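Taken from Swiss-Prot, the feature transmembrane segment covers 48-68. If you look up Swiss-Prot, you'll see N98 marked as N-linked glycosylation site. Taken from Swiss-Prot, the feature motif 'HXXHC 1' applies to 123-127, supported by a curator's inference. Feature annotation from Swiss-Prot assigns motif 'HXXHC 2' to 150-154.
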Amino acid sequence: MAERSSNGYKEVPVRQSEESTIAEEEKDTLLEARSYSRRDRKRSRSKAVWFLIALLLLSNIGLLGGLIHYFRKTHHKEKDVPWLPPKTVGRGFVNINNDTALPDQPGLDQSLPHQRAMISVFHQLHCIYMTREGYYAAREGNLDQVNAAHLMHCWDYLRQAIMCHADTTLEWIPAPPNDKGSTGWGVEHTCGDFDAIARWAEDNRLKTTYGIH
């Protein structure tokens with residue numbers, strides 16, 4: 001039976017070449033560990049960045065949907081705003097009896113005892129309505145619902161109508177710093193009796209349709 005030694009642990013001498021090899025192995029192990037650690041951190045950061053991007057995209061999609069809903073809701077609510085043209089029965093189209101000679105105008109046939117016409121103010125209000133509808137359709141992205149040729153006609157027609165009536169009411173400029181112009185609100189104008197015109201148009205209506213479009 002082999003005898004047991006009572007000697008304690010002793011440091012085993014290592015040759016320089018072996019010490020160098022061990023040091024290199026330890027160094028490589030540490031570098032590899034650091035490399036894995038950096039990769040893990042990069043992966044974690046990358047996942048966090050992608051998560052934030054996805055969260056922002058979802059938030060923006062939700063915001064966009066909310067804005068579209070708001071604009072559409074606002075559009076429908078604003079259909080009853082006070083400036084919306086009144087819906088007169090007959091839409092401003094009237095029958096005219098040629099009892100007396102009328103000035104020659106485009107579309108007028110003097111040989112007929114009855115003539116059809118549209119009262120200009122209703123044409124103007126119709127154009128305002130079309131401009132408004134085109135604006136909301138474009139804002140909601142429904143460009144196929146915008147009749148560009150009709151709008152161009154309406155803008156030119158309204159321009160000439162405004163210049164024809166040429167309202168010369170004075171709109172006073174406020175004191176500084178609000179002296180850039182005038183809102184025109186509250187200023188008195190000399191106006192025609194639109195209610196009386198609308199009643200006459202309904203009494204002599206050509207059509208029984210209701211609306212302004």
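Glycine too: its Cβ is placed from the backbone N, Cα and C atoms.
Confidence across the motif 'HXXHC 2' (150-154), taken as the mean pLDDT and rounded to a whole number, stands at 94. Counting residues of the motif 'HXXHC 2' (150-154) by DSSP class, helix then strand then coil, yields 5 helix, 0 strand, 0 coil.
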